[in-house]
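Participant: Heads up, here are the entries from TrEMBL:
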- 43-67: transmembrane segment (TRANSMEM)
- 111-133: transmembrane segment (TRANSMEM)
- 140-161: transmembrane segment (TRANSMEM)
- 243-266: transmembrane segment (TRANSMEM)
- 296-313: transmembrane segment (TRANSMEM)
- 333-353: transmembrane segment (TRANSMEM)
- 360-379: transmembrane segment (TRANSMEM)
- 385-406: transmembrane segment (TRANSMEM)
- 427-450: transmembrane segment (TRANSMEM)
- 470-491: transmembrane segment (TRANSMEM)
Amino acid sequence: MAKGEGVEQYSAANLLQKPTSPDGIKLAVKHEQVTRLSVCNKICYAIGGAPYQITGCALGFFLQIYLLDVAQLDPFYASIILFVGRAWDAITDPTVGFLVSRSPWTRYGRMMPWILLSTPFAVASYMLIWYVPAFEQGKVVWYLVCYCLFQTLQTCFHVPYSALTMFISSEQKERDSATAYRMTVEVLGTVLGTAIQGQIVGASNAPCIRGELDEVKEFNSTAAESDMNTTQTHVSLAETRSAYLIASGVISAIYVLCAIILVLGVREKKDAGRHKSEKPMTFFQGMRLVMGHGPYAKLVIGFLFTSLAFMLLEGNFALFCSYTLGFRNDFQNILLAIMLSATLSIPFWQWFLTRFGKKTAVYVGISWVVPFMILIVSIKSNLIVAYVVSVAAGISVAAAFLLPWSMLPDVVDDFKVKNPDSRGYEAIFYSFYVFFTKFASGVSLGISTLSLDFAGYLTRGCTQPEAVNLTLRMLISPAPIVLIILGLIIFKLYPIDEETRQGNRKLLQELRESEQDSETDSHEMGSTV
């Protein structure tokens, strides 16, 4: 059925069955028009997803190596910052989702004020993450506070933005199309984040300490160095720190620009919200209702494992390329190859899930990366092979980006069909999914950095002990592969296939037509009176 066909058929049938006033006809035509989104609307909506991915990509790929080699924190403290920051971020997601779901409607909508007000504070805290304070005592607290503050403010942007998918249109096809636009822009955002951060920072790499491993270890413990070497290292390190600040400034400017385009170019639909007569829900009522929905729980748990796999790969790939493969001066270009490949693959996966179904796309897309993970750790270091693996991995990364956000609206629709009297839970659905993905990210970063500490990671070392290289290989290949397999097994239990999805679509279409009929009748009665 083409877009708007159901509304047209309904309107024609009702014109034959009963006399309809001009106002009723106008109302039906208006309803048909508002369910459609223009290309401009979809692009503006999609651009709003870029800030989260640009900053997330920069933090995911570079924060660990920044804390270790630029801010020169002990790996143990770096692991605490990464884990606690992400854990705090995960906790704020359902909290913000609950608050958003209870927010009153304003002239700008229910989601837009959150997005607009959080943006300036988010970019300020983001820049502070990449600033190295002059004091040594309390540096760990500085990064922990700045990181947690940014994650909280970004949550105030991203949770309402994610839930906005359900408020831009009532048509499933329109939402799927807008989601495809969004995923394309978001993966492009990861390319932009990788390019800006990688190229600016890559031109001024943090200097490493050359020498035997025991000499490097002795340097780390005593901080002893000749006067000439100290001066040179200080200048180079200062340049590297400036490069990180410049990169954060450019990314912050893009963040603000994208937020402005989103707010000006997207109109939030009020009729998708809850009824005024409904009583406000409590946090635990919303959590029980959402997490008690079986398809949602299976979807979230499945993507929890697969997200953890890809985040292990993301968080450790820069270190793996720099030390284990020996591509210290090329790692930013290898990361860029992954993101470019992912961007170009999004249209293919959108076609694939439309042609073969979303569950099939999950199995094919996410498992695609497994042989290449095995290849990269099995062969001798080779730059050409590294680029080939990066391009192949990017294809799977695209599927991992697109599919969760494409399947979430299906779960929300299924919930609406089974709970037709429950409304206003969209933000909670999205916030809990973001909660689990961020929790996975915190676990992956915390475990990774702590494992490197136990293996004997040498801060700013040009080479690392064999135990560190072995740990990086384990974090890049065997661990993610096991997590992917577990996630795909859970997806076997996910009940919403294409037949169920289309059935829900028809039921919701009938429900909307019924509501439109009631609205038209009420309008006609009011006009008669």
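Every residue gets a Cβ built from N, Cα and C, even glycine.
Where the annotation comes from TrEMBL, it is an automatic prediction and has not been curated.
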Participant: Cβ under 8 Å to the transmembrane segment (111-133), counting only same-chain residues 6 or more beyond its ends: which ones?
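Facilitator: Answer is 48, 55, 59, 63, 66, 70-71, 96, 100, 103, 139, 142-143, 146-147, 149-150, 153-154, 156-157, 159-161, 163-164, 167, 241, 244-245, 247-249, 251-252, 255-256, 259, 262-263, 266, 268, 427.
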Participant: If you count Cβ pairs under 8 Å, which stretch among 43-67, 243-266, 360-379, 470-491 touches the transmembrane segment (140-161) the most?
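Facilitator: Between the candidates 43-67, 243-266, 360-379, 470-491, the best contact partner of the transmembrane segment (140-161) is 43-67.
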Participant: At a Cβ cut-off of 8 Å, and with pairs 6 or more apart in sequence only, do we get at least 3 pairs between the transmembrane segment (427-450) and the transmembrane segment (296-313), yes or no?
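Facilitator: Contact criterion met.
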Participant: So, taking each listed stretch (43-67, 333-353, 360-379, 470-491) in turn and counting its Cβ pairs to the transmembrane segment (296-313) that are under 8 angstroms, which one gives the highest count?
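Facilitator: Against the transmembrane segment (296-313), the leading stretch is 470-491.
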Participant: Below 8 angstroms Cβ to Cβ, which residues of this chain, lying six or more residues outside the transmembrane segment (470-491), approach it?
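Facilitator: Same-chain contacts beyond the ends: 298, 301-306, 308-310, 312-313, 316-317, 319-320, 323-324, 359, 362-363, 366-367, 369-370, 373-374, 376-377, 448, 451-452, 454-455.
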Participant: For the transmembrane segment (333-353), what are the same-chain contacts with Cβ under 8 Å, counting residues 6+ beyond its ends?
Facilitator: 57, 61, 180, 183-184, 187-188, 190-191, 193-195, 198-199, 202, 317-318, 321, 327, 360-361, 364-365, 386-387, 390-395, 397-399, 401-403, 406
